[in-house]
Amino acid sequence: AVLSTRLLSPLWPTLAPLCRAAPWQHRGLSSPSGPGHSLNLRGIFPPLSTPFSPTQEVDYAQLEGNLRRYASIPFRGKRCPPPVSMQAPARPLPTTGAVWQQTGNLPASQGCSAPRATIKLTVSMAEAGADVALVVTPCYYRGGMTSAALVQHYTEVADASPIPVVLYSVPANTGLDLPLETVLTLAQHPNIIGIKDSGGDITRMGLMVHKTRQEDFQVLAGSAGFLLASYALGASGGICALANVLGAPLCQLDRLCREGHWQEARNLQHRLIEPNVAVTRRFGVPGLKKAMEWFGYYGGPCRAPLAPLSPTQVEELRGTFSANGWL
C-alpha cells in the first residue's frame, strides 16, 4: 500500500511497522508507469468504508484495525473516508493518502454545488494529507449542469487545488453522468489526471482511454463488476467498493490482467460479479458492512438514515457469497 506519513502521524508509533514502503515520489504515490504520467494511479484502491460506533460517531480505532488487516493486501493505495459534512473539517486520518472523495452535506457520494465550497474542502483534505482529490459531479442543480457548466466547475477547482484532481462520475447516485466530450475537454487540464467512472458503459470507457492517449490522463473503473472489461480496454485500475471485502482477489484480478492471463482473469471476474452487485446496487452500504464482518473486518452499524439489513436480507447476502465460493 502507498502510505502518507502526514496522515499516519497520529498513530505512527503503532503503525510504523506497516509503513515499509519505497521512497515514493509526489507525496506518497509511485513514479510514473509510462510516458507523461505525473502520478501513477495503476492498481486497486478500496474506497474505505467509514466505521461508526454504536452512537454513530466515526470510530478511528476500528479504522486503524481495518488498516492493519488491509496492510497485507497489495493495494495501490486507499481512498480515505470523507468528512461526513461540511461542518466536520478534515482531520489527519490513520490511513493512506491516496484518493479522497469530495462530499457535500450528506455522507454519501454527493459533490459540493459550487466550486468555492469544493475548493475549500479540497484544500482542507490536502492539508490533512491527501495526495489526490476525487471530485464527484455537482448534481444538486443537475438540470443546469450542461457540458459548459461542468467544464467551468472542474476547471475552477483544478486551477485552485493544491493536489491533482480525479473526476468522479457516479450516475447511479447523482443522476448525472459526465458527458464524454466534457471528460475529453477536462483531460487537457494539467491538474486533472484521471476519472473514476462508475457508470459501467464499457464503450464510453474505451473511448476515454483511446481519445486521451496523448494526455496525462488515467481511467479508473468504479466497480468490480466490469473491472476485467475495463482492463481489456486500457484502464489503469479500479476504485471498487468490493475491495473492502475481497481485496486480495481484486488485486489478483489486476495482476492476471497485467500479465495477460485472460482465461484465469475471466474465471475470477465471473465469481466477483454477483458479490459486487450485492454490496452495491442490491444491498448497498448495509450489505457491504455486513459482508466485511464475515471476512474479518469491522463493518459496524450504518449511520442513519441507512438501516441495517433484515435477517432475510442477511441470508440472501450470505448465499450470494457462498454460491460463488467465497464463504
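Residue 1 is the first one shown; counting continues down the chain.
The backbone N, Cα and C atoms fix where each Cβ goes, and this holds for glycine too.
Taken straight from TrEMBL:
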SIGNAL    1-21  signal peptide
ACT_SITE  TYR168  active site, proton donor/acceptor
ACT_SITE  LYS196  active site, schiff-base intermediate with substrate
BINDING   ILE239  pyruvate binding site
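Cα to Cα, the residue listed as 'active site, proton donor/acceptor' and the residue listed as 'active site, schiff-base intermediate with substrate' are separated by 5 Å. Comparing ILE239 (pyruvate binding site) with LYS196 (active site, schiff-base intermediate with substrate), their Cα atoms are 7 Å apart once rounded. Taking all protein chains in view, 26 other C-beta atoms sit within 10 angstroms of the C-beta of the residue listed as 'active site, proton donor/acceptor'. Other C-beta atoms found within 10 angstroms of the C-beta of the residue listed as 'pyruvate binding site' number 28, with every protein chain shown included.
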